[in-house]
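Just below is one structure, and these are the notes that go with it.
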């Protein structure tokens, strides 16, 4: 142990503790004090630090070097004791500068992203076989933020207090500049910018800076990174897949494609690009950089998962400035899709809240609901804050539901409010981290899910087969299931399984049925045809105020009306099979006139189809006038509206399945082909009924690349134009030349064991439980959005709790 001793005033701070680790690694004796003792202090104590709780002059060892930071008052008892004793006093930034003298220093500064960029650079160097020293403003996976190594030293340089004037690094990164900590610069942005400019000129080799930032670009010299085409390291593309991002960059005429990093959000792609630029400047090879970024373990309190439950997600993030909050929530939204995002925000410092009040309320657009709690003062004097007015501003400007809940009541409120599938994000640089710890093992109550099947349509039996298959994939960890069977006569039965009695059903108004229906949280309608798939059931569920899965009222009504679908799509330039609508009134008035019009429009064979039934119900292939007449009469027995369609016999039947919100996040399964024994695939062959083999489903569809892309593009266009919701299957006819026509839309596709809908998504990498979850998530989101417009349940609950 070296004889020299260092004493830290405020050793539990993230910046101070990093330097304490380095000094301990180098053999120095270290002591320190702080106003509280947390995990950081506990780690240092286990490493040999002598810790004192509170600030008292007797804590300062004789002849020690006393380290202080910008937040330490000159009236601090230990600071005064060091002055009186003649101890050497050194600012944290000066000590950091001294510690880096014998190594190649890489300093990262800027308003946002310092910790992530410095952590990424450190991990890349470690992957390259180096053992860098590092002093970082966040804990790694091992709970360490500082370490002494050799050759390289990676550190954060705090731009907030002007202390970066102490550094002259070999390499540097300036991530960005924001109106943050301006009070330390007399409110003058130019003084902050001048300090960064001075820092860049003192960089001895290369200063990497954000080339997308016009303020930096106007006054700095160095290498740029960013999405702007003039950047030296130009980010050409990026995409996010779940909790990973992929980006392509060009640097010095070399293209680096699909670089993967275990981070989310455009801001983190920028951070990864900055780290990659530094690594390339150091001569580190591409494979090493890729491997390091792909395996990057992350930093604690940077979208760190805190809970153990599998039915909801609780994340913690250090974001406390409005721009950080906005980036974090948008990244989470991209990762979790339609799941409800509940942001819990603890504003950091009264002064920062006041400085950022102009942009703070609009920072939460990526969330669905926001819980605002008490400001973390960070040592500042308490100020009056109208949390009610601030919550109203957030609701208005971010278009979310927002409520204030006192910090002491947060845990209890969340335990009542968190719902299966929720994603909670605790935001702040204060002590909001205790929330994640307290909810680590919390489990929300299961969702009560009501599965409705059967129905009055002629597809009653297929509905039950679909329900029986789907029921196998309703996870008992997520749902308590109540089954509702609608008889062919429109009566209802209910039970805890699909093995329902043969007794006559009851009306929907029966106390047992109505009572059970009122208690479920969300409805899963597995219904085909009229009264279930055509908007009737959807309208009923909206009227009684129940969330439901699958298509919305409007999408179901349009999708199940084949003529209306054809009219809309034809008007929008999408090819449809030529058709002629026929009304019951017109047919009854003058059959001969109708037949003449039909034969003038089409030649035999042709098809007679019911407007509101499934893809193979009420469909008749006809070859002469007598068959045509009989088929029309039969079709009108099944439906009030009929249409005649030109034959597409000989064409292939190609289908594309969808999940999600056509105006937001949705998923497309790869196309598949349905092949029959020859000719039209009727209802019996489609589902393998009456002892017949079901139609063959082919997933590796043999179509030209051009036709595939065009057909998928049109299918997606249809789903978007109709603002598809929940689920659907869109069917096409494709001829040998690659021409195709829209056939129809199925809002609730068959989900039997023989149906391709579930299998199509399984081939895409989903499992069947995930498909059910997605249906539920979309249904809940759609309901929540409508509820926000007519009520504010979160605010009401918060007020009631007070």
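Placement of Cβ uses the backbone N, Cα and C atoms for every residue, glycine included.
Summarising the annotation, Swiss-Prot assigns region 'UDP-N-acetylmuramate--alanine ligase' to 1-445.
The Cβ neighbour count for residue 624 (ATP binding site), using a 10 Å radius over every protein chain in view, is 9. Look at Swiss-Prot and you will find 110-116, 599-654 tagged as ATP binding site.
On the 0 to 100 pLDDT scale, the region 'D-alanine--D-alanine ligase' (446-802) averages 88 in this prediction. Swiss-Prot lists 446-802 with the feature region 'D-alanine--D-alanine ligase'.
Sequence annotations record features per position, and here Swiss-Prot assigns domain 'ATP-grasp' to 566-777.
Taken from Swiss-Prot, the feature Mg(2+) 1 binding site covers 731, 744. Mapped onto three states, the DSSP output places residue 744 (Mg(2+) 1 binding site) in strand.
According to Swiss-Prot, the feature Mg(2+) 2 binding site maps to 744, 746.
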**OP:** Could you work out which of the binding-site residues (640, 731, 744) has its C-beta surrounded by the smallest number of other C-beta atoms within 10 A?
**Re:** 640
**OP:** Run through the Cβ atoms and count how many others sit within 10 Å of the one on residue 632 (ATP binding site).
**Re:** 22
**OP:** Using residue 600 (ATP binding site) as the reference point, find which of the binding-site residues 731, 744, 746 has the shortest Cα-to-Cα distance to it.
**Re:** 744
Subject >> Closest of 731, 744, 746 to residue 608 (ATP binding site), Cα positions, binding-site residues only >> reply: 744
Subject >> Rounded Cα separation (Å) that holds between residue 632 (ATP binding site) and residue 746 (Mg(2+) 2 binding site) >> reply: 22
Original post:
Taking only the binding-site residues 624, 648, 731, which one has a CA atom nearest to the CA atom of residue 746 (Mg(2+) 2 binding site)?
Top reply: 731
**OP:** Using all protein chains in view, find how many other C-beta atoms are within 10 Å of the C-beta of residue 600 (ATP binding site).
**Re:** 9
Original post:
Between residue 744 (Mg(2+) 1 binding site) and residue 648 (ATP binding site), what is the CA-CA distance rounded to a whole number of Å?
Top reply: 13
**OP:** Quick one: of 110, 608, 648, 746, which of the binding-site residues has the smallest count of other CB atoms within 10 A?
**Re:** 648
